[in-house]
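What follows is one structure encoded as structure tokens, with my remarks underneath.
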Amino acid sequence: MTENVVCTGAVNAVKEVWEKRIKKLNEDLKREKEFQHKLVRIWEERVSLTKLREKVTREDGRVILKIEKEEWKTLPSSLLKLNQLQEWQLHRTGLLKIPEFIGRFQNLIVLDLSRNTISEIPPGIGLLTRLQELILSYNKIKTVPKELSNCASLEKLELAVNRDICDLPQELSNLLKLTHLDLSMNDFTTIPLAVLNMPALEWLDMGSNKLEQLPDTIERMQNLHTLWLQRNEITCLPQTISNMKNLGTLVLSNNKLQDIPVCMEEMANLRFVNFRDNPLKLKVSLPPSEGTDEEEERELFGLQFMHTYIQESRRRADHQVNGSTTLPISINTDG
């Protein structure tokens, strides 16, 4: 009996020793594998960094990272070693996301990541207080973070052709230096309140959205000189549009406008308008032009057309007041 106990104890002791050895061996193998993976990562990071350094150029005194038509679905953390960069230009790289560490590039002035497959903008973007231009057109972005409003130096923001953006956070009205905004080819049904309240905005493109009407408060954009609203579903224009005294270019082609408000003749600075492809209820034609075919084409639904339309609209209104029932359908001065 005693011999059996001793034998069992010896076996257990040997088993325990072997289990410890096996456990230690597995731990050593795991550490070695992790170390090898770490070496591979370090090597890959160094290779990536070398490749990235080859893409750095200097133009007009700026340090620029320029990559085009090369596959970079993600950007390595080794990029942080190039924190002196002032401009990124990454086009058609298949980039899936803006790195979370983007906020550490405090010298960035221009961030151009257009024509990629980016689906979101990280909140860290708000740390780029020197950023003047953010160009993210032709991506797959759906929402814009409120933190973007912290980019106090931002002057130009382009989010065109993301298809699904339908609103902007109200905080973006705090972008006091923003003068240029491109929201074309998205999913907006109205002009966001944030846009209406941007104090310095001069140039706005909301073409190819789903706008049905313009708010009366559009007159708030007193510094706006260019407004693109082509290819929407706008049915009428507010009377307050005539209060936009600095507006020089207004494009309203391919909408559902049935009339041109008379008050628009008060817009003294208006130099270019386009009402082409709208179901306007009055049919008016212009006198023959002595200009080139290009000029004639441009003016066919342009400023002269607008003034002629308004004159005809006013003339018809006067006739109705005077009780006349025989009115011409159109103005035609072809001789």
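Any Cβ shown, glycine's included, is placed from N, Cα and C.
If you look up Swiss-Prot, you'll see 10-47 marked as coiled coil, on the strength of sequence analysis.
Swiss-Prot lists 107-128 with the feature repeat 'LRR 2'. Distant neighbours of the repeat 'LRR 2' (107-128): 62-63, 83-101, 134-145, 147-151, 158; these residues of the same chain sit at least 6 beyond its ends, with a Cβ under 8 Å from one of its Cβ atoms.
Feature annotation from Swiss-Prot assigns repeat 'LRR 3' to 130-151. For the repeat 'LRR 3' (130-151), the list of distant contacts is 106-124, 157-165, 168-169, 171-175, 182: same-chain residues at least six beyond its ends, Cβ to Cβ under 8 Å.
Counting residues 6+ beyond its ends, the repeat 'LRR 4' (153-176) has Cβ neighbours under 8 Å at 114, 129-146, 182-189, 192-200, 205 in the same chain. If you look up Swiss-Prot, you'll see 153-176 marked as repeat 'LRR 4'.
As annotated by Swiss-Prot, repeat 'LRR 7' applies to 223-244. Packing against the repeat 'LRR 7' (223-244) from elsewhere in the chain are residues 179, 184, 199-217, 250-261, 263-264, 266-267, 269, 274: each is 6 or more residues past its ends and has a CB under 8 Å from a CB in it.
Summarising the annotation, Swiss-Prot assigns repeat 'LRR 8' to 246-267. Beyond its flanks by at least six residues, the repeat 'LRR 8' (246-267) meets 207, 222-239, 273-282, 301, 306-307, 309-310, 313-314 of its own chain at Cβ-Cβ distances under 8 Å.
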